[in-house]
Structure formats: C-alpha cells, structure tokens
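Engineer: Below is one structure. I have some questions about it.
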C-alpha cells in the first residue's frame, strides 16, 4: 500500500518482487510457529523448518534485486550479469541453508549473499553505483539488524545467562524476530525511494 505503483513505469515488476521479499519471511515464520504443536515427529518439523527457511531465502534473494537494479541503473551491460550472478549465488546459499545441520551453519550459509550485497553497497558508496541519496544508509542498517538478529539467535542470549527465566518473554528467538522486522522495514524504506529514483532518472550519455 505504500508503494507508488503508478510512478514505477517499466520497473513495476521490481515493486512486486519487493512485496514478496518483505512478506515471505513473516508468512513462513508464522506458519512454522503456528504448527509447532504438531505430533508428527521429525519429518513434519523438518518440512516446517524448510518453509521458514524459504521465507528467509526469499528476502535475501528477492530483496536484493531492486537494490542491484537501481545501483547499476546506468551500467546496462553489467546489471543483467549482476542480477543473474546474485540469483545463482542465492540458489546455492538457499540450498545450503535448507540442508544445514545447525543454526550456526544456516547463518553461515547466507554469508556469501551478505558479502555480495556489501560489494554493491561499497560500489554505491564510492560513486561507482547510483540510486536515491538516502537509500544506502537504510540498506546498511538493514543488514546490520539482520546480522545482529542472527548472532543473538545463534548465541542464545539472554537465556544462556538465566536458564528458565526467558522461556516466555525476551528470549533470543523473539529478539531475532523483532530485529528481523526492523531489517525488513529498513529494506522497504530504502527500496521505495530507489525505485522512484530509477523511474525518473536519466543516465548521462556515454
């Protein structure tokens, strides 16, 4: 509802991509937690966890496509290669996350995607990329919040310091979810002005 669809022009498909990226993690997580009271054993749990991970994979993959598209808006020869390359990298990262044996291994699976995004952010920061002026800080906060949430979840803080005291409120998993929501909001705050910028920006002639 906060995306100005009528102003996006030919880039309106990126608005749809962005919507899926923002909504997939909450949807997958809600279904995962809603059915955690099942009695189907390990096979059912594995499928629920895979559904949850698919949401994380989608936000990491689809969420970055508008960023790459806008950053390389004036480099049409490089943009398609970057989009395809990041999508292929995301496929490998998603598979590793879905087959990871532990929480820490799942966090590491997304490291290559984070590294690729940092390269894009760096290109924009030093002037090799383009985009709306205020979007880059949003993207940096987005990845910082996501990383902090993942680290808190892996470290099991604060319940590691007080076993039993955080079973219902304030545990690491809840903190991770709050930070993830903040991360998605920062993504949205950066992508909307980026898409508007790309729709109205004229690249200088070569």
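Note that Cβ sites are derived from N, Cα and C of the backbone, with glycine treated the same way.
In TrEMBL, annotation is done automatically, which means it is predicted and not curated.
Pulled the feature table from TrEMBL, pasting it below:
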BINDING   33, 173, 177  Zn(2+) binding site
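So where do these features actually land, and what's packed around them?
Structural biologist: In the shown protein chains, 13 other C-beta atoms lie within 10 A of the C-beta of residue 33 (Zn(2+) binding site).
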Engineer: Is it possible to get the count of other C-beta atoms within 10 angstroms of the C-beta of residue 173 (Zn(2+) binding site)?
Structural biologist: 15
Engineer: Within 8 Å of the Cβ centroid of the Zn(2+) site residues 33, 173, 177, which other residues of the same chain have their Cβ?
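Structural biologist: Surrounding the site, in chain order, are 29, 174, 176.
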Engineer: When you measure from the Cβ of residue 177 (Zn(2+) binding site), which residues in the chain that are at least 6 apart have a Cβ under 8 Å away?
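Structural biologist: The answer is 29, 149.
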